[in-house]
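Q: Would you mind keeping the following structure in view while I ask a few things?
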Amino acid sequence: MKKTQTWIITCIYLQLLLFNPLVHTQGICSNRVTDDVKDVTKLVANLPKDYMITLKYVPGMDVLPSHCWISEMVEQLSVSLTDLLDKFSNISEGLSNYCIIDKLVKIVDDLVECMEEHSSENVKKSSKSPEPRQFTPEKFFGIFNKSIDAFKDLEIVASKMSECVISSTSSPEKDSRVSVTKPFMLPPVAASSLRNDSSSSNRKASNSIEDSSLQWAAVALPAFFSLVIGFAFGAFYWKKKQPNLTRTVENRQINEEDNEISMLQEKEREFQEV
């Protein structure tokens, strides 16, 4: 009985080991992002609205896929956040500006390190160099949030590796706002007409949905099959051991009956001798 339980437990652990690597496939650097990014809203509220933060902005963030600008953008965010950190004193309060910025710098530095590890696999360089600009806290951390969100889907977006070239007919870039929504990414604007641009955007959206569905299927199917195989092995082993258990119980009952008969015969002989 103990051997059967041990085998079932082994099957369960085997399923967990097979399933665990599959649940971490989305986002090559998403595990570097901690919950400290949620303090961005508090930081924006603490800073003056007219305070200007210098950032070398990568052109094309609003019209190019994230793999075209994320590598350079995260490096520039690291520089700007470090400069911003130097302007605040080291206050021990948990939610002070210094502590929040310090945590954000650590997150961005980890992302820079991760991007260096995957620089040749999933990212490209923009065709234009970053441009120094001045941003209010709301706009600056809107760019920060968009960059952080881009890491969560970087593996999906980078799978097609489209060219990182900004069309000459691209519209002016819109201001980024602090938001927790997914990054809003458009394909390169076509030079022909607005109608062609709309159709290409629709195709991009449908392809993204199909990619997400395919990835979930790739995760769910192996997990399902490993679960079925694990239970099949467990059932087979239990069925194989069941006859042995039945024979063991029968032999035990026979031995008990033989012992009882022997005891009765022994008592009968003792009675006859008396």
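Indices start at 1 and increase along the chain as displayed.
Backbone N, Cα and C define each Cβ position, glycine as well.
Keep in mind that this is a model prediction, so the values were computed, not measured.
According to Swiss-Prot, the protein carries these features:
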- Cys29-Cys114: disulfide bond (DISULFID)
- Cys68-Cys164: disulfide bond (DISULFID)
- Asn90: N-linked glycosylation site (CARBOHYD)
- Asn145: N-linked glycosylation site (CARBOHYD)
- Asn196: N-linked glycosylation site (CARBOHYD)
- Gln26: pyrrolidone carboxylic acid (MOD_RES)
- 26-215: topological domain 'Extracellular' (TOPO_DOM)
- 216-238: transmembrane segment (TRANSMEM)
Q: Among all the protein chains here, how many other CB atoms are within 10 A of the CB of Cys114 (disulfide bond)?
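A: So the Cβ neighbour count for Cys114 (disulfide bond) comes to 19.
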Q: Round to a whole number and give the Cα-to-Cα distance in Å for the pair Cys68 (disulfide bond) and Cys114 (disulfide bond).
A: 16
Q: What is the total of other Cβ atoms whose distance to the Cβ of Asn145 (N-linked glycosylation site) is within 10 Å?
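A: There are 20 of them.
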Q: Distance check, please: Cα of Cys114 (disulfide bond) against Cα of Asn145 (N-linked glycosylation site), rounded to an integer number of angstrom.
A: 18
Q: What is the total of other Cβ atoms whose distance to the Cβ of Cys68 (disulfide bond) is within 10 Å?
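A: I get 28 for this one.
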